[in-house]
Amino acid sequence: MNYFPWLTIIVVFPIFAGSLIFFLPHKGNRVIRWYTICICILELLLTTYAFCYHFQSDDPLIQLVEDYKWINFFDFHWRLGIDGLSIGPILLTGFITTLATLAAWPVTRDSRLFHFLMLAMYSGQIGSFSSRDLLLFFIMWELELIPVYLLLCMWGGKKRLYSATKFILYTAGGSVFLLMGVLGLALYGSNEPTLNFETSVNQSYPVVLEIIFYIGFFIAFAVKSPIIPLHTWLPDTHGEAHYSTCMLLAGILLKMGAYGLIRINMELLPHAHSIFSPWLMIIGTIQIIYAALTSLGQRNLKKRIAYSSVSHMGFIIIGISSLTDTGLNGALLQIISHGFIGAALFFLAGTTYDRIRLVYLDEMGGIAIPMPKMFTMFSSFSMASLALPGMSGFVAELIVFFGIITGQKYLLIPKILITFVMAIGMILTPIYSLSMSRQMFYGYKLFNAPKDSFFDSGPRELFLSISIFLPVIGIGIYPDFVLSLAVDKVEVILSNFFYR
């Protein structure tokens, strides 16, 4: 056992260092920007070092465990630990947050508060992924919502207050169900309330009670993922938020919902999950088609990308509900893959808006010639989004496909129907993705406009795009880099469905 508190340092460091921003000397925004980026890089290096030297990927048990008594009255512990399931999202969080702080370079209004909120969000996200205590998980889940609300309220577009209110109503409503589920699990069947994940995993519940818990947790995670029909906050939020906030929302926030579904609904409540998995499969297939068709009808560029995110989350839901190790591994790979691709598309959409000051696709056109680098990067990530072979999205969706086909739970006819509908969804993806590129970059609309603001991507934007593109290509060529982290843990989770 490793006694050095690596995870506590990794969780607490961003918010602690971020609070020192307010004590920095007043010497312009440059000092604040560099300070925040240095904190993010230091945190990412610290996380990578701790995981490289103290984490054994072939061990499915919880590692780097820390357990400190916090509140005696309620048996509340500061309990942290990681396994193959959480290491990928934690590293993704570090990577995307570091790049999002770099993307936030143009933000000048209330710069101190903006960067502090980004670092507070960073702590909340890593805390959620590494919590091994149900109440601590809930606290971290909530800690991460407040910065998003403030980032939306203060640095959004014209309808930012409407979007922020809608976001907080949806997520706070989901959090009520999460809290009820946490307290229900803690107080069931024992005089002493137990909030420990390990104890809850080995606990068995009456079927009706397990179903009630499952529905409560599912609503909370369905809002965050988002799963239809609880997805309507997402397009509005993405449409109004600053693009650096959009990177964090698309890259990390949505993945927390999928992570919660696997960590709590699958691992803690396997009987209920096996009952609900056929319905989840149906919801996932409907979501892929519905969101792809809705995306095609969107005029707003950021809303179109937001609906594409909802469509891609459908593959994750199908992988989770397939109850096969292939399908679940595919879902975990899609979580990482879409984290990179979604963040990159929102970044490029935001930087394009900074130049041409147009939001609607039917007003754009012809910017490929004055902005060739932007055109190349946007086209590359559009290809990654539509799952081009050689990129991460293709491998993830293919593995989810195989997961359904090889699954023992479903009969042949439902399998054929689901794969057929998924295939239609995969055909619709290039239609909305390529039409988006065509409307933005081809034609003659903006070609004859004044070229004053039509400068191409600078070194910062180019560096940021390439930094995200390299992992997308890397995972597409060698997916085992991500898959090997969680293979053993996935087998342990799925063993509950056959032996319990």
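Each residue's number is its place along the chain shown, starting with 1.
Using N, Cα and C of the backbone, Cβ positions are placed for all residues, glycine too.
As recorded in Swiss-Prot:
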- 4-24: transmembrane segment (TRANSMEM)
- 87-107: transmembrane segment (TRANSMEM)
- 113-130: transmembrane segment (TRANSMEM)
- 134-154: transmembrane segment (TRANSMEM)
- 167-187: transmembrane segment (TRANSMEM)
- 208-228: transmembrane segment (TRANSMEM)
- 242-262: transmembrane segment (TRANSMEM)
- 305-325: transmembrane segment (TRANSMEM)
- 330-350: transmembrane segment (TRANSMEM)
- 386-406: transmembrane segment (TRANSMEM)
- 411-431: transmembrane segment (TRANSMEM)
- 462-482: transmembrane segment (TRANSMEM)
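Using a cut-off of 8 Å between Cβ atoms, the transmembrane segment (411-431) and the transmembrane segment (87-107) share fewer than three residue pairs, counting only pairs 6 or more apart in sequence. Below 8 angstroms of C-beta separation, residues 85-86, 89, 92-93, 96-97, 99-101, 103-104, 107, 118, 121, 125, 128-129, 141, 144, 148, 151-152, 155-156, 217-218, 220-227, 234, 302, 305-306, 309, 313, 316-317, 320, 328, 331-332, 335, 338-340, 342-343, 345-347, 349-351, 353, 493 of the same chain, each at least six residues beyond the ends of the transmembrane segment (242-262), sit close to that stretch. Here the transmembrane segment (330-350) has Cβ contacts under 8 Å with residues 85, 88-89, 92, 96, 99-100, 103, 238, 242-244, 246-252, 254-255, 258-259, 262, 301-302, 305, 308-309, 312-313, 315-320, 374, 377-378, 381-382, 384-385, 392-393, 395-403, 461, 464-465, 468-469, 471-472, 475, 479, 482-483, 486, 490 of the same chain, all six or more residues outside its ends. Taking Cβ pairs closer than 8 Å, the transmembrane segment (386-406) reaches residues 281, 312, 315, 318-319, 322, 324-331, 333-334, 336-338, 340-341, 415, 418-419, 422, 426, 429-430, 433-434, 471-477, 479 in its own chain, all 6 or more past its ends.
Within its own chain, the transmembrane segment (462-482) has Cβ neighbours under 8 Å at 88, 95, 99, 102-103, 332-333, 336-337, 340-341, 343-344, 347-348, 373, 377, 380-381, 384, 389-396, 399, counting only residues six or more beyond its boundaries. Within the chain carrying the transmembrane segment (113-130), a Cβ under 8 angstroms from the stretch's Cβ atoms is held by residues 7, 10-15, 17-19, 21-22, 32-33, 35-36, 39-40, 43, 47, 80-82, 86, 89-90, 93-94, 97, 100-101, 104, 107, 136-137, 139-148, 150-151, 154-155, 244, 248, 252-253, 256, 259, all 6 or more beyond its ends.
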